[in-house]
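Enquirer: The active site annotation in Swiss-Prot covers 180, 207, 288, 291, 314, and the record cites sequence analysis as its basis. Marked as active site, O-(3'-phospho-DNA)-tyrosine intermediate by Swiss-Prot on the basis of sequence analysis: 323. Marked as domain 'Core-binding (CB)' by Swiss-Prot on the basis of sequence analysis: 21-111. Marked as domain 'Tyr recombinase' by Swiss-Prot: 140-336.
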């Protein structure tokens, strides 16, 4: 298994070096009027997670091209159409669309823009339209951890152990702050301000704040102590004696605390562990279940979209309205009115 991982990683690095131009943008590198410092800064215009996603997407396309004996850079429109039609046999429409975006962005970085960009060709757009019509674009997503789920989990944490205290703080804070898992593990002790009303968390960067303006998220004390994120967080920090650095960290089997940051994948594993202990199907849940659960629960409590967005930090109402529709799927059901007649 280790050898396989190393081979995959070495292949990934080779692909980036050979033809993933978003790391080393040709238009930037070949511009003699730009200073080296300016070039390096321009190369950071896209978020790291975006670049990683594009790199994986491009690697898949490049492998497909190599297998079929066709050129990936520059690719022909026909090559892209053939690729996405093969991809659509198993992948969702949204995945196919993201791959086309990655192919397009990489061609732009290599200097193929406008009408010279094969991913913008009318043939590719027509193929994508057909795939969307055939497969649809609805994303099911993971099940939400709702407010009532928090009560269900409350007695499952072993608070005699550091891991139990950490896991409780992580889950309840993740829900209360509607955090993405990457945001949750990046929170530093220095980002916290405790007040008589609760805690304010400063986020320097997030998916919705790519320019780094910074955002503040307020988490008030909950009247119900058993589901209070602020109390759980304070107990965890006090017991673990964390006074600087990442607030969520790995813990060894002998309950020894490490100084490094918890990985975002660990958030999903922790969530799955406790929903499984509660008798729920762990395969239906993931790290995003906390963020989705907050939005869905808020909708069920008739909280308006703008108020929900202040906590979730969504920049568009589209996704929030989708959560509201899902949260009220039974409340606004026509059958309920018929049954009550």
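Quick reminder: no glycine exception, Cβ is built from N, Cα and C everywhere.
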Enquirer: For residue 291 (active site) and residue 314 (active site), what Cα-Cα distance in Å is obtained after rounding to a whole number?
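Expert: That comes out at 11 Å between the alpha carbons.
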Enquirer: Can you figure out which of 180, 314, 323 (the active-site residues) comes closest in space to residue 288 (active site), comparing Cα atoms?
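Expert: Considering only the listed active-site residues, the nearest one is 180.
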Enquirer: Please state whether DSSP places residue 323 (active site, O-(3'-phospho-DNA)-tyrosine intermediate) in a helix, a strand or coil.
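Expert: Reduced to three states, the DSSP call for residue 323 (active site, O-(3'-phospho-DNA)-tyrosine intermediate) is helix.
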Enquirer: What mean pLDDT does the predicted model reach across the domain 'Tyr recombinase' (140-336)?
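Expert: Reported value for the domain 'Tyr recombinase' (140-336) is a mean pLDDT of 90.
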Enquirer: Which whole-number value in Å describes the distance between the Cα atoms of residue 314 (active site) and residue 323 (active site, O-(3'-phospho-DNA)-tyrosine intermediate)?
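Expert: With the alpha carbons as reference points, the distance is 12 Å.
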Enquirer: Counting Cβ atoms within 10 Å across all protein chains shown, which of the active-site residues 180, 288, 291, 314 comes out on top?
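Expert: Counting Cβ neighbours within 10 Å, the top one is 291.
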Enquirer: Are there any residues in the same chain, six or more apart in sequence, whose C-beta is under 8 angstroms from the C-beta of residue 323 (active site, O-(3'-phospho-DNA)-tyrosine intermediate), and if so which?
Expert: 292, 295, 296, 298, 299, 308
